[in-house]
Amino acid sequence: MRGIIEDLSQDGLGVINGIEVPFCYPGDEVRITRTRDRFGRKMASEFSLITPSPLRQRPRCRHYGKCGGCLWQGMKYEEQLKFKKELFRRITGIEAEILGSPRIWEFRNISNFIVSVNGIGLKEFARPKTVVDLKECPVFSNRTPLYIRAMKEFLRESGLKPWNWKEGDVHYLQVREGKFTGEVMVNIIAHRPPEETILEYFPFADSVYWSIKRDKRDDPSGEPIHLGEKEFISEKIFGIKYLLRPGIFFQTNSYALPLLLKAVEGFLDGSKVLDLYSGIGTFSLYLTKKGFNVVGVEINKTAVEVAKLSAELNSLNVEFKAKRAEEENIEGYDALILDPPRKGLGEFAGVVEKKGPENVVYVSCNPKRFILDFKNYLSRSYKVEDAILIDMFPHTPHVEAVIKLRKYS
């Protein structure tokens, strides 16, 4: 079959006659020779690009087209922003301005490299058990080859075995960089006790951890053991030092984070704010510095401990509670910030709908879940007053949305 890509799917794949084509964009002329089913839809598994779309740019990464990390790296950045805005509108029905990332290369502050028998890197697109053996990663760091080379040397000389999807010793190499501090944290995620010799292979790291993984799930989780150098590294945003360590979440784009913080601040009314799913205090610390009276609530006890340490380090008076969002009394506040995980609020949205304050700011990287929460629950009491999109994820279809909700009079 031969034809021209006419649109993009909600997941950012090119579409022609109902067939999804990865790494292709509207205006591309393609020839499809084989398809397969993926998530109940037809996807081209073998195809060739005949005539490129004018939307295209030369991708910077040699792994583009295989690695699943950057589906849109072959598209001009200004076009990426237009499509993100359009896809958000299609999914939610909301028109929103979009702010691009100040940097679109080497912006990611963390990467989880799979340590596999096939190499060290990221998953191949649509092939979850095939790892692309990375030689570079321009969206993460120009030091990526250094990190991967050090890991390979350690494996070779220690005799430890990489993960083969069923067994092995070492599963992930997690590297975190403080983009504004220059600090580096290395976290080895393994299915065995730590090897102290690992420190010899990462002399450039400001902090080294070894996390023991006791399950076979394909995620970079484990029980962290601090091996050497500093216990924390930090990132500095608006003069605030955010402490970072394994087992916590921090927004992955340090350069676009100031835009996100300002967007949330701009949508808040009043001064007494409840920050649910507050993590390490990303919003709470900034807003406290700006004069708001903030209470942060987070289920992850490690994240709460780190948030408290960061507050102390920055001389900020903010209260953090280690509990489920559902357990907190949300009444008596001027504004409520909701920044739930990708799965959204679920039934807790019903509690917000009944007891939430006049002003709610919902932060979401998953517009499909936001609109479910809104339509099923929040829309009974709230209307969308404003929204803004922040591109935290250049070269992917993903976008961070900040939505201001107002209670009906």
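Glycine is treated like the rest: Cβ placed from N, Cα and C.
Swiss-Prot has this to say about the protein:
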BINDING   Cys61, Cys67, Cys70, Cys137  [4Fe-4S] cluster binding site
BINDING   Gln251, Tyr277, Glu298, Asp339  S-adenosyl-L-methionine binding site
ACT_SITE  Cys365  active site, nucleophile
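DSSP assigns Cys365 (active site, nucleophile) to coil, not to a helix or a strand.
Cys61 ([4Fe-4S] cluster binding site) sits 37 Å from Glu298 (S-adenosyl-L-methionine binding site), taking the CA atoms of both as reference points. Binding residues for S-adenosyl-L-methionine (Gln251, Tyr277, Glu298, Asp339) extend across at most 15 Å, taking the greatest CA-CA distance. In this structure, the CA atom of Gln251 (S-adenosyl-L-methionine binding site) is 11 Å away from the CA atom of Cys365 (active site, nucleophile). A straight line from the CA of Glu298 (S-adenosyl-L-methionine binding site) to the CA of Cys137 ([4Fe-4S] cluster binding site) spans 32 Å. The two recorded residues, the residue listed as 'active site, nucleophile' and Asp339 (S-adenosyl-L-methionine binding site), show a Cα separation of 9 Å.
Taking the mean position of the Cβ atoms of Cys61, Cys67, Cys70, Cys137 as the [4Fe-4S] cluster site, the remaining residues of that chain whose Cβ falls within 8 Å of it are His63, Tyr64, Gly69, Gln73, Leu122, Leu134, Glu136, Pro138, Val139, His395.
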